[in-house]
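Read through the structure below, which is laid out as structure tokens, and then see the notes.
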Amino acid sequence: MKRIGLLTSGGDCQALNATMRGVVKGLSHNIDDLEVYGFMNGYKGLIYGDYRMLTAKDFSGILTRGGTILGTSRQPFKLMRTPDANGLDKVEAMKQNYHKLNLDCLVILGGNGTQKTANLLREEGLNIIHLPKTIDNDIWGTDMTFGFYSAVNIATEAIDCIHTTASSHNRVFIVEVMGHKVGWLTLYAGIASGADVILIPEIPYNIDKVVEAIERRKRNGSGFTILAVAEGAISKEDAQLGKKELKKKMEEDKKLYPSVSYKVAKEIEDRTGMEIRVTVPGHTQRGGSPCPYDRVLSTRLGSAAAKLILNDEYGYMVGLVNGKTKKVPLEECAGKLKVVTPDAQEIKDAKRIGISFGD
Ligand code: F6P
């Protein structure tokens, strides 16, 4: 007999349901007696005792369904120790609800912030398994997060579509790609779609180099240029500012531009007189059905999590390392970000074929 809790927290992505299905199927095929409690809307459900008892039937037919059957919300880690508006101690409330249901463990699906709270609950004595979700692929300790490749597909398709219209009109286009503070999504979608310039936060850009890349293409007979710009991209000058000055600069920029791509567009326009178009696919990148790769990854991670639960092994994130599922102690990975290193093989390969990173 096992009693498990499930929750999905933070921004959603395409393969949350597929992952929960993997966990529940992995358990129900190996034990006769399983009770599953789904906490609604992320940590909120655990804090306020909003849960539903689920059966194996609830997990049937959801492999391909995007979003999350449990709903989600953002509950910032830094506020977890702060009582709510009614003075409720959130951490104590989560512990009480866990113990009230007499759970053997809580399986938490989420990104970096979610993982920090998962680790906090582990430190508070709860049995926790974390599964790494995010389109950003920025979780330390796993080569891949589920959601990433589905988002790469969508961002790639968006840039593909821009490619055809940009080439008909001989225009310079910027497509802004999600990814929060890291550049994995932009890097992969940019390479996959044949972008000419890729700007990511880990390689602060020099606008003159970006302009140079556009002009070089023009000289070589290509009238159009595609730039894949990460939402967290930053200029060389800004990257050199101190923390306080940078915050101020960001606030000023926010008043001037809807997002970084518009700033890059204006900088190019000022230097070249060209008219630059900006496209922001935004949350479409997190929507729709998971791609086949994510369906496989999620099934494997869910199944590996089930194995840990059957063995009563808790306090781990289940990741993918060198093609194999691996349990990574939460205390080791919580709070660490996996960024693109400027000397990453992908960057070197991309540069060799002429893609500019604006550096
Ligand atoms: O972490 C996933 C992500 O989609 C990021 O890429 C993006 O910066 C952020 O979430 C958007 O958050 P929200 O859904 O709160 O607008």
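If you go along the chain as it appears here, the first residue is 1 and each next one adds 1.
Here the Cβ of each residue, glycine as well, is placed from N, Cα and C on the backbone.
Pulled from TrEMBL, these are the features on record:
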ACT_SITE  D136  active site, proton acceptor
BINDING   G11, R74, Q75, G111, N112, G113, T114  ATP binding site
BINDING   N112  Mg(2+) binding site
BINDING   T134, I135, D136, R171, M178, G179, H180, E231, R277, H283, T284, Q285, R286  substrate binding site
DOMAIN    3-309  domain 'Phosphofructokinase'
SITE      G113  site 'Important for substrate specificity'
Neighbour count (Cβ, 10 Å) for G113 (ATP binding site):
20
Under a three-state reading of DSSP, tell me whether R277 (substrate binding site) is helix, strand or coil.
strand
Set of same-chain residues at least 6 away whose C-beta sits under 8 angstroms from T134 (substrate binding site):
G10, G11, C13, G110, G111, N112, T145, G147, F148
M178 (substrate binding site) versus recorded positions R74, Q75, G113, T114, D136 - nearest by Cα:
D136
List the residues in the vicinity of the ATP site, defined as same-chain residues other than G11, R74, Q75, G111, N112, G113, T114 with C-beta within 8 angstroms of the site's C-beta centre.
S9, G10, P76, F77, G110
Average pLDDT across the domain 'Phosphofructokinase' (3-309)?
97
Given the binding-site residues T114, H180, R277, R286, which one's Cα is the least distant from that of the residue listed as 'active site, proton acceptor'?
H180
Among T114, D136, R277, T284, which recorded positions lie by ligand 1, judged by Cβ under 6 Å to any atom?
D136
Taking only the binding-site residues R74, Q75, G113, T114, which one has a CA atom nearest to the CA atom of T284 (substrate binding site)?
R74
Taking Cα atoms as reference points, rank the binding-site residues H180, R277, R286 by distance from T114 (ATP binding site) and give the first.
H180
